[in-house]
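Enquirer: Sharing a structure below in C-alpha cells format, with a few things to ask.
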Amino acid sequence: FSFRKLWAFTGPGFLMSIAYLDPGNIESDLQSGAVAGFKLLWVLMLATIIGLLLQRLAARLGVVTGLHLAEVCNRQYQKVPRIILWLMVELAIIGSDMQEVIGSAIAINLLSVGKVPLWGGVLITIADTFVFLFLDKYGLRKLEAFFGFLITIMALTFGYEYITVKPDQEKLLQGLFIPYCQNCGTAQLEQAVGIVGAVIMPHNMYLHSALVKSRQVNRANKREVREANKYFFIESCIALFVSFIINIFVVTVFAEAFFAKTNADVNAVCVNTSSPHSSLFPNNNQTLEVDIYKGGVVLGCYFGPAALYIWAIGILAAGQSSTMTGTYSGQFVMEGFLNLRWSRFARVLLTRSIAITPTLLVAIFQDVEHLTGMNDFLNVLMSLQLPFALIPVLTFTSLPGVMHDFANGL
C-alpha cells in the first residue's frame, strides 16, 4: 500500500460522492429526521453501502475495459434498448439538475433575507454554466480540488448545526445498528423509500465509470489494473464515508430538535424570536412538516440567525457542486450512447435550459412549498430510473467477454 499512489488515484470518487450530497439528499435527510426521528438511520447506512458496491462495479468497468458504461451500452445493445436507456438516463440527469436549481435558489433566497425572490435565484443559477466552463479550462485536477473545497464547506456547515443541536448519541447508534422502525406508518415508509431514491443516483454510475478513465492505467498489465481497482475502491470508501457522515449530521439534527414537534410549538418560538418567517407555521396542533426552506427557518428560530445562514451556505455548496457533476454525466452519456460530441458549453446550456424552465414557472406562479415539494417528486423519479442503470452495470461487470479476468462472478 502506498499513500502516494492513493493520492494519485484520488479525485473521481469525491466527484462521484457529490451526488450523495445534493439538495435532494438533504431534503430527504431532514424530512426523515423530522418524520421518523433516529429510526431510519439504518436505511441511510444500508443505501450508502449498496451505493458503494454499485459504484465499485461502475469504476471497475471503466478501469478494466477503458470504456465508460454508456460506451459499453452502445457496443452491446441493439438500437431500441440503447435509445430507451439513453432517454431514461437523460430524464434522471434533468431531474437531478432541477433539484440542484431548486436548492441553490432557496439558499440564495435565505442568504439574501428574501430580497432575492425564488425566481431570481433560479435565474442566478444560470451562472453555474459559466463557473463550470471557467473551471473546466484549468484541468480535471483543479476541478477535483474545487469539489473537495465544496465538500469541506458542507462538512463544516452541517457539522456546526450538529454541534449546536447536540443529538442524543445513544439514539443515534440505535438508529444506525437496529434495523427496526417501531410505531412507524405510511409516512415513515415513504421516507425510507425516498432515502434510497435520493442516495443511489442512476446517472452516477455512468459518471464514475467515465471519471476513472482520467488516470493512466496500462490495461495490458493485470497487476496495474488490479492495483487501480484497489485504490479507486479505497478512495470511494473514504469519499462515501465522508458523505455518509454529512448526511447523518442533517438527519440527527432534525431528529433531535424537531421530531414530533407541532406547528404551534415552532410558531411560538419563532414569534418569541421576532422571526419574519413565523407566518410559515400556522398556530395549530398539526405535526410539523419541514423542507429545505422551512428547515433553515426553523433552525434560525431555535438556534439563532447564524444557524439559518450557515444552513443556507451548506445548501448552496450542495447545489453548486452537484450541478457540475450532473453536467459531466450528461456529457459522457450523450457521447457514449449517441456518439455526439457537443461542446461542453452547448451541453450545459441545453440541460440547464430544460431543468430551469419548469422550475422557473413554479417559482414565479407558485410558492416555496410547491417548489420544495418538487424535490419529493424528483426523488421518486430517481427511484424509478434506478433499474435502467443497475441492469447494465450488473450485467456487463459479470460478463467474462467484457471484463475478461475481472468479471465479478455474480
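Just so you know, glycine gets a Cβ as well, placed from its N, Cα and C.
Curation plays no part in TrEMBL annotations; they are all automatic predictions.
Below are the features listed in TrEMBL for this protein:
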TRANSMEM  31-54  transmembrane segment
TRANSMEM  84-110  transmembrane segment
TRANSMEM  116-134  transmembrane segment
TRANSMEM  146-163  transmembrane segment
TRANSMEM  192-211  transmembrane segment
TRANSMEM  232-255  transmembrane segment
TRANSMEM  297-318  transmembrane segment
TRANSMEM  345-365  transmembrane segment
TRANSMEM  377-396  transmembrane segment
Enquirer: For the transmembrane segment (192-211), what are the same-chain contacts with Cβ under 8 Å, counting residues 6+ beyond its ends?
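Expert: Distant Cβ neighbours of the transmembrane segment (192-211) are 11-13, 15-16, 19-20, 22, 24-25, 27-29, 31-32, 36, 40, 43-44, 47-48, 50-51, 54-55, 57-59, 61-62, 68-70, 88-89, 92-93, 96, 181, 236, 247, 325-326, 328-330, 332-333, 336, 376, 379-383, 385-386, 388-390, 393.
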Enquirer: Spell out yes or no: are there three or more C-beta pairs under 8 angstroms between the transmembrane segment (31-54) and the transmembrane segment (146-163), with each pair 6 or more apart in sequence?
Expert: no
Enquirer: Verify whether three or more Cβ pairs under 8 angstroms connect the transmembrane segment (297-318) with the transmembrane segment (146-163), leaving out any pair fewer than 6 apart in sequence.
Expert: yes
Enquirer: Using a Cβ-Cβ cut-off of under 8 Å, list the residues of the same chain that are 6+ residues beyond the ends of the transmembrane segment (377-396) and lie near it.
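Expert: Same-chain contacts beyond the flanks: 24, 27-28, 54, 57-58, 61, 69, 72-73, 76, 84-85, 88-89, 91-92, 95-96, 98-99, 193-194, 196-198, 200-206, 402-403, 410.
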